[in-house]
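So the structure is just underneath, and the comments pick up after that.
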Amino acid sequence: MSAIESVLHERRQFAPPAAVEKAAAISGMAAYRALAEEAERDYEGFWARLARETLEWRKPFGKVLDETNAPFYKWFEDGELNASYNCLDRHVAAGLGERVAVIFEADDGTVTRVTYADLLARVSRFANALKKRGVGRGDRVVIYIPMSVEGIVAMQACARIGATHSVVFGGFSSKSLHERIVDVGATALVTADEQMRGGKTLPLKSIADEALAMGGCDAVKTVVVYRRTGGNVDWHAGRDVWMHEMVANESDACEPEWVGAEHPLFILYTSGSTGKPKGVQHSTAGYLLWVAQTMKWTFDWKPDDVFWCTADIGWVTGHSYITYGPLAVGATQVVFEGVPTYPNAGRFWKMIGDHKVTVFYTAPTAIRSLIKAAEADDRVHPRSYDLSSLRIIGTVGEPINPEAWIWYHKNVGQARCPIVDTWWQTETGGHMITPLPGATPTVPGSCTLPLPGIMAAVVDETGQDVPNGQGGILVVKRPWPAMARTIWGDPERFKKSYFPEELGGRLYLAGDGTVRDKETGYFTIMGRIDDVLNVSGHRLGTMEIESALVSHELVAEAAVVGRPDDTTGEAVVAFVVLKRSRPEGEEAAALAKTLRDWVGKEIGPIAKPKDIRFGDNLPKTRSGKIMRRLLRSLAKGEAITQDTSTLENPAILEQLAEVR
């Protein structure tokens with residue numbers, strides 16, 4: 001991997017705005033370096049201090065880190081606490097019960113505000129109801145529910161009684177849901193009659209019934225149904241229960257179950273490169289510490305902020321920066337049921353103005369799709385809305401290409417809001433490498449520097465450090481509290497996937513090709529290792545080619561994959577969405593040549609795509625991620641055999657397959 005070629009030559013740099021720097025928790029690079037040096041000097045002492053300052057413990061911990069069974073690390077093991085107590089009770093006890101915890105905006109625009117006192121009461125009622133159905137400490141509860149206050153309540157209620165939740169995104173198929181219910185050994189399922197997104201309904205209860213009928217789900221004795229739309233559902237008496245009926249007569253008080261620091265808070269499934277999905281298991285204390293700390297550092301959270309993370313609670317971003325991080329610090333946050341393009345592509349910008357959002361966190365895919373819409377229709381351009389409340393904006397989920405970064409900075413951040421381009425993963429629990437809004441000069445396309453206490457590095461295939469400016473593999477050299485503890489039921493897979501013997505067995509393998517800038521040391525993520533192309537012996541990250549394509553004035557979005565080639569070993573195949581209508585015939589051929597030459601000029605002849613296909617869109621999941629594995633099959637001319645249940649736009653596959 002040391003031969004990966006970094007072809008990003010971004011030199012634009014943006015200093016933190018003076019007003020943000022002056023008021024920031026970490027103000028200036030000297031403050032950042034002081035924290036990083038504290039962690040290097042006394043690693044365990046650094047984390048112990050944060051854990052004592054950030055969390056409220058029922059029983060204080062004595063031992064900080066146990067490395068005796070590496071890589072199955074344990075943090076604060078002899079301490080006891082409760083995540084729900086730290087997210088709710090302590091704020092109410094501090095006199096913040098009337099502070100708004102959640103501003104919920106439904107798909108149709110209806111707005112509901114829930115205070116911390118209200119949320120605590122709702123969580124307690126549901127926790128009591130679950131206990132009466134026999135759910136308790138150590139049980140696993142699968143949650144298959146729309147974006148809703150009820151989803152947050154269900155997660156927090158599980159944490160309150162010591163049950164471990166496993167949230168399944170509301171767009172997954174019955175087969176995918178079944179796999180997760182069986183793998184995790186769930187005893188209860190929480191779902192809804194239907195989901196509302198973009199003016200359309202999805203029958204979640206019917207899908208859940210199909211999953212449970214596939215066999216192997218006998219342990220599921222309770223199915224709780226949240227009535228979202230009032231749609232008709234099949235009913236299994238004795239097993240199924242309406243959420244509103246279940247909690248109607250329950251007490252508003254529920255004593256938290258005090259659990260050990262290492263108690264599994266949740267299991268979240270993430271795709272593996274091969275085989276079945278991996279159930280990533282997270283601890284209670286280490287995870288909660290880090291999502292709270294990164295709210296304070298990355299987002300520079302202040303008590304008067306209105307925070308909005310646009311993710312779904314079915315993904316780790318929604319766990320960390322909706323259900324747990326904001327509530328752990330006592331934040332007011334927006335939670336949104338819908339999609340950014342309904343009823344039009346100005347929805348995000350309108351909501352920022354309506355709710356006076358100060359910190360906004362979304363995905364590059366959403367930004368790119370909204371760029372295309374804004375450039376086609378000024379009515380949905382950010383400049384048509386009041387975004388004056390914003391002070392910090394962020395990105396999550398994938399690297400953001402420099403052109404999209406600049407557009408976001410100029411049009412959404414109005415050239416006055418720092419962008420926190422955050423790199424992290426399901427397995428890391430929270431942010432790992434990111435600018436700090438009041439400290440780090442930002443560079444478009446770079447996630448800049450690791451947070452204090454995160455010992456990230458770039459190494460070759462043998463685990464040896466590579467010089468700055470030379471590409472390699474991103475690793476983390478020391479354990480951190482929020483890291484995943486294991487893969488549920490498969491510790492060997494955990495070791496092989498994340499701590500491979502080829503790297504010595506002690507380095508956390510992130511799986512991303514990365515390069516550090518020669519001068520600044522900034523990290524730039526170049527794409528997954530399996531998204532690295534080997535063309536004529538030259539290794540190129542897909543992000544660089546995509547960035548070059550998107551920098552062309554006609555291109556809105558691009559995704560690049562490889563396919564075997566007899567001459568070059570691997571050929572570059574690009575799928576491109578234009579800012580105008582899709583070309584065909586001779587026009588398409590001429591434009592493909594133009595873009596090939598453009599990439600050759602931007603990067604070099606070696607990176608020229610051999611095949612460019614134009615589509616009206618790219619195949620994406622309902623959470624907005626590009627489904628690159630499908631593009632690889634299309635590029636090779638193979639039939640699509642993979643699970644497409646999470647695909648938002650199935651018709652696009654036929655369109656892209658037709659184009660040659």
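Glycine is no exception: its Cβ is also placed from the backbone N, Cα and C atoms.
Features of the protein shown, as given by Swiss-Prot:
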type: BINDING; residues: Arg197, Gly198, Gly199, Lys200, Thr317, Ser536; note: CoA binding site
type: BINDING; residues: Gly397, Glu398, Pro399, Asp421, Thr422, Trp423, Trp424, Gln425, Thr426, Asp512, Arg528, Arg539; note: ATP binding site
type: BINDING; residues: Val550, His552, Val555; note: Mg(2+) binding site
type: MOD_RES; residues: Lys625; note: N6-acetyllysine
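Pro399 (ATP binding site) sits 13 Å from Val550 (Mg(2+) binding site), counting Cα to Cα. Take the Cα of Lys625 (N6-acetyllysine) and measure to each of the binding-site residues Thr317, Gly397, Val550, His552: the nearest one is Gly397.
Sorted by the number of other CB atoms within 10 A, the binding-site residues Gly198, Pro399 start with Gly198, the lowest. In the three-state DSSP reading, Lys200 (CoA binding site) counts as strand. On a Cα basis, Thr317 (CoA binding site) lies 26 Å away from Val550 (Mg(2+) binding site).
Classification of Thr426 (ATP binding site) by DSSP places it within a helix. A C-beta separation below 8 Å, combined with a sequence spacing of at least six in one chain, links Val555 (Mg(2+) binding site) to Leu549, Val576, Val577, Leu578, Lys579, Leu595. Listed in sequence order, the residues Glu403, Ala548, Leu549, Ser551, Glu553, Leu554, Ala556, Ala558, Val576, Leu595, Trp598 complete the 8 Å Cβ shell around the Mg(2+) site centroid, once Val550, His552, Val555 themselves are left out.
All chains included, 25 other C-beta atoms sit within 10 angstroms of the C-beta of Trp424 (ATP binding site). With all protein chains in the displayed structure included, the most crowded Cβ environment within 10 Å among the binding-site residues Thr317, Thr426 is that of Thr317. Using a 10 angstroms CA-CA radius around Arg528 (ATP binding site), none of the binding-site residues in Gly198, Lys200, Thr317 qualify.
Secondary structure at Arg528 (ATP binding site), taken from DSSP and collapsed to helix, strand or coil, is strand. In this view, the densest Cβ surroundings among the binding-site residues Gly199, Gly397 belong to Gly397, judged by other Cβ atoms lying within 10 Å.
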